[in-house]
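Working notes, structure below.
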There are 10 protein chains.
Amino acid sequence: MNRLDVTEAIFAIKKEKELSWEGIAEAIGMSTVWTTSACLGMNSCPSGAATKLVEFLGLPEEATRVLMEYPTKEWDKSVPQDPLIYRLYEVVGVYGDTLKEVIQEKFGDGIMSAIDFSMEVDKEENPKGDRVILTLNGKFLPYKAW
Amino acid sequence: MNRLDVTEAIFAIKKEKELSWEGIAEAIGMSTVWTTSACLGMNSCPSGAATKLVEFLGLPEEATRVLMEYPTKEWDKSVPQDPLIYRLYEVVGVYGDTLKEVIQEKFGDGIMSAIDFSMEVDKEENPKGDRVILTLNGKFLPYKAW
Amino acid sequence: MNRLDVTEAIFAIKKEKELSWEGIAEAIGMSTVWTTSACLGMNSCPSGAATKLVEFLGLPEEATRVLMEYPTKEWDKSVPQDPLIYRLYEVVGVYGDTLKEVIQEKFGDGIMSAIDFSMEVDKEENPKGDRVILTLNGKFLPYKAW
Amino acid sequence: MNRLDVTEAIFAIKKEKELSWEGIAEAIGMSTVWTTSACLGMNSCPSGAATKLVEFLGLPEEATRVLMEYPTKEWDKSVPQDPLIYRLYEVVGVYGDTLKEVIQEKFGDGIMSAIDFSMEVDKEENPKGDRVILTLNGKFLPYKAW
Amino acid sequence: MNRLDVTEAIFAIKKEKELSWEGIAEAIGMSTVWTTSACLGMNSCPSGAATKLVEFLGLPEEATRVLMEYPTKEWDKSVPQDPLIYRLYEVVGVYGDTLKEVIQEKFGDGIMSAIDFSMEVDKEENPKGDRVILTLNGKFLPYKAW
Amino acid sequence: MNRLDVTEAIFAIKKEKELSWEGIAEAIGMSTVWTTSACLGMNSCPSGAATKLVEFLGLPEEATRVLMEYPTKEWDKSVPQDPLIYRLYEVVGVYGDTLKEVIQEKFGDGIMSAIDFSMEVDKEENPKGDRVILTLNGKFLPYKAW
Amino acid sequence: MNRLDVTEAIFAIKKEKELSWEGIAEAIGMSTVWTTSACLGMNSCPSGAATKLVEFLGLPEEATRVLMEYPTKEWDKSVPQDPLIYRLYEVVGVYGDTLKEVIQEKFGDGIMSAIDFSMEVDKEENPKGDRVILTLNGKFLPYKAW
Amino acid sequence: MNRLDVTEAIFAIKKEKELSWEGIAEAIGMSTVWTTSACLGMNSCPSGAATKLVEFLGLPEEATRVLMEYPTKEWDKSVPQDPLIYRLYEVVGVYGDTLKEVIQEKFGDGIMSAIDFSMEVDKEENPKGDRVILTLNGKFLPYKAW
Amino acid sequence: MNRLDVTEAIFAIKKEKELSWEGIAEAIGMSTVWTTSACLGMNSCPSGAATKLVEFLGLPEEATRVLMEYPTKEWDKSVPQDPLIYRLYEVVGVYGDTLKEVIQEKFGDGIMSAIDFSMEVDKEENPKGDRVILTLNGKFLPYKAW
Amino acid sequence: MNRLDVTEAIFAIKKEKELSWEGIAEAIGMSTVWTTSACLGMNSCPSGAATKLVEFLGLPEEATRVLMEYPTKEWDKSVPQDPLIYRLYEVVGVYGDTLKEVIQEKFGDGIMSAIDFSMEVDKEENPKGDRVILTLNGKFLPYKAW
């Protein structure tokens, strides 16, 4: 079994058992976003999470080690096309310089880590149309002089 | 005066008077991220905000109309290079499919609007290193069949 | 069965039964453009349409759920090459700035949604050569300040 | 005076006299979309329209000949970035194959001309949000065998 | 059978029977360039030509319908590499602006159609080295104002 | 004076004296396409043609030497955008493989030279719409084995 | 004075006074690589280093503040061309996957920071040809699960 | 057996026997980075190393010759995406000009060879977070005049 | 058998019989570079060479005709990555304008043919390190005016 | 004076004094190709050559130091377009893999240096058309294992 096999197996089981990403996440005691990304093969599982995932979904034993492998994180389209993903890319394009100004004003010269990082998706119900609340939480890393 | 002139004038005044984006935003009663993006020329100002901005910064009268113009929102590098901005691009690359799964599980088939949209930057103090909290808030737009 | 299988099955049946997209659309009570895009896998079917489509075409039962899945909307060539599609791209290139001027003059700062959106193709008979009438209908989304 | 000078002169006069594209179009008896594109330098004016445009706006005499020149129609970004224009590009990407199916079903093997072509923008008022109606009208050109 | 199968079958038969494109074209009463492009899958055959082609080459019956399908005209390399094809691309690059000047001087503002179009290849014997004569024949399409 | 200066001077004189490319070509005894390309700076003039061109147009003396310089032949857009030029690119894309088959069938393994090369533009009057006749004439260059 | 002015001033002074990067670095008590990058405008100076640099080089007072600004770190060629820089790019291409294997074997799943990072260049004299020793020193950042 | 087969066999054995790259390298008496790159197929093995590798890992006999073949060194993404590899690319982008200045100041006009080259990865333990030490060692190659 | 099959067969036989390109070339009485390129499928064999090659290597009879086919000459990476090939590309980049100056000074306005062309690789033994001597020999083709 | 100024000054003087690259090269006792590349700013001059060049051409004193600066070697088009330069690129594309086979067969695993490198252009007179002889001479650099 390789990563792709495991991801496909997860999708098949999820469809068959009519599970949700949220339900899977809850079952293994991790967040929904992280759990989904681990299932899609974009994050490695710590051994505890891997074991629980295999157990909960009824994946073959050998999937545990595969889930723990360190993935190569790559994506297909350097400018994404699916409208949901493109809108996020557009936000980075339109607001990139703005975020640089605001973050560096608040924190000094440095960046927001994409490694020591977490993210959540929430739903805000709203009579004019529900709203997606996306929260990115990354450690500030100051540039160092040497 | 065109957009670029106004942006440069704002940067010059901001430097001279040692203002912060946060201070400017407060003075005109808008959020920091939006105010910064309007000053960088990536959002048009409603007439009230334009007037206040001109007044507070001491910009020439004609800047008001320029600030109210509808900008062409474009960026230079289709894959950004500045590390602060690249990390956001990387998040979209690494987590794009994950966010599609999670958002569409929560909301149905559709996208998060980048137009009916707001964003905030917060600072979470933390002994292990402060953290940048980035909150994106966009209206969910369902696809329609016809 | 995955999306591709369903699309191929539809093409095969359409060929065999000598159906037209217009006929299929009529049978399921939806528009021709939308129905075609759903069959090509670029839109998800609401459950009613999926059921009718499966029934009308005699697709296997499991196709219903596949037709209801939320597709990843991607295309192969970032600059299209087939002449019919390229001409549409050319129209966007040649008239893009013009449309920005005209739409924003009529509606204010904002965009035409490509999500809350429909499109029709009509034929105008004309002795000098028939004409294709393409009508795009999208909700205007104003930018918001915050 | 070259094309760019004329376009800039038109923008300056339009701003100063607070004219609209619609108003200019009406004054010269042409459609709004075409008039705007001619002013932006993406279409050549027939001599009558050029004369009227120069007169109505009070442009220098020599602008007439410039407006009649045959423009080189080029655009800067092969994948557009401004959200209003990108959404149109996205429509071509998402619906390109669909339109090929539907147009060729209705008309036979061929394309919609982007040369023998016109386009209109209309506003449909709607309590849930006004809608942009974009109508493209192009002659069908059948492929020929020889 | 799909397009590719038919094209491969034609190549196999052509090789086996030692036919030439010119011979095939003659047999079906069409030009060599068009016949070749139809066999390569870049043009659809009118029903008469399809029938004759199937008959003359001894292709399976079902190839007739495939040859009549409307092809998606795409190519692999946006800048071609094979030297024979690159030289043609180079001619377009080197002489593109020249042809725009000359054609529009002779015909007015407009283009040469690539749809209502034919092309021939001839051989001019010459003691210093034979010459390839390539003749492109396309309808002039004037831009229209509206 | 450099190439660009000379080209601009030619355009200015041509406009002022209301000359045509055809007229200029005739005056110097060369073809229209070649003369235009030399004026646009994409071909070097033999000394006779340079002298006649300078004389006929009344260009400054030093232009003679500039017209005789060997130009760097480059173009801006690797995929052209102006519709007139794009259509030629499209022809190369759609018919490239076809031309390779047909030319190599007639001549053997080799290419059509783009250096030992000439081209003409003709107008074929036609009640259904005049036609552009483009004739490319290039020496066949066989590949050599060694 | 902006960044570019300061960088140019530094180059001019360095040339005139025949200084070396190493000498400048020593004078301000920082490393050679970092000092050079700060002078080239790719790193911001802490206030102490900025003051010393201005003093040592005799730059105008206002350069201090410019040197302390947070730079936008961008480069021109996404694939570098200068042979010295290309060789480094080639090393990343050839050994990228190898480094991923070796670093993650030694440290676990994570990356080497390019922010909490320093670099030195040393010269190893060698009779067969001196050798460049490049030492990169970056904090290991483990991915976190959440 | 081709390169890919050998690489896959090595990964499978390494996983099964729970070997590390460091252990494999030690067993054959070569460095870890080089050994890993040879196993990944990016360097050819001298015959001694190939023999030892085959023996130590228990690879089939014929793998020896494959390991000795001269590889084609290519990579998939001209701008890498995996964060670990991208950070190295970013270092080249941000510090490329700096390294050119510093290396050429120390050595004269020339480059650091990527062929007569070695590299090591070390771990520096650090209470604030361990550090990756990457050492590149390349022969300086001076440009020659001729 | 197609081109790829023949190339693979040649590589397999060459490996098995421990032949060299030089030995194969000698056996068929052609140069090493040309023979190698014909075996790699980048040149067509004249019938004599094809027959000898098939005989010498013991290829199946039908390979003769395949070796005589006219190849489509394409390459995968528009900017090559393998260091040996990249260095040649770098030479073209660094010395391209220089070669244009020198060749056109010696020969007049024109180019070096890549079709009526041959190339040799020689080895110059040298105590400081052997040297590769690459000789390109192409017919000069003058531009013609018409 | 910077590089560009010096290059332009050299071109102006060369034109005025009707010098050739060959003549300049002879005067300073270096080869034609290298001298031309140094004048175009793609190679740095050793101090002797710089002094002689300044003297021979009558360049201002300060040009000496500029000619000795280490240039950044970059080119504009990653795929060249001028036909003379493109043909060289095409040779690299068509024969790249062939040269890799032949060079590595003769020398072992390694590359031809583009740094320890020289090149000559010769003219071979030939009644069928003169021939350009391009000789590249680069040190072979073997890969090293470590």
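Note: Cβ is positioned from N, Cα and C throughout, glycine not excepted.
Any TrEMBL annotation is an automated prediction that lacks curation.
What TrEMBL says about this protein:
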- A:ARG87: active site (ACT_SITE)
- A:GLU90: active site (ACT_SITE)
- A:SER113: active site (ACT_SITE)
- A:74-146: domain 'Cyanate lyase C-terminal' (DOMAIN)
Integer average pLDDT (0 to 100) for the domain 'Cyanate lyase C-terminal' (A:74-146): 98
DSSP-assigned states of the domain 'Cyanate lyase C-terminal' (A:74-146) in counts, ordered helix, strand, coil: 25 helix, 27 strand, 21 coil
Interface-adjacent active-site residues, chosen from A:ARG87, A:GLU90, A:SER113 when a CB lies under 8 A of chain G: A:SER113
Length of the line joining the Cα atoms of A:ARG87 (active site) and A:SER113 (active site), in Å: 21
Cβ atoms near A:GLU90 (active site) (within 10 Å, other residues, all chains): 23
Neighbouring C-beta atoms (10 Å sphere around the C-beta of A:ARG87 (active site)): 24
Cα-to-Cα gap, A:GLU90 (active site) vs A:SER113 (active site), nearest whole Å: 20
Those residues of the chain, 6+ apart, with a Cβ under 8 Å from that of A:SER113 (active site): A:GLY138, A:LYS139, A:PHE140, A:LEU141
Near chain D - the active-site residues A:ARG87, A:GLU90, A:SER113, filtered by Cβ distance under 8 Å: A:GLU90
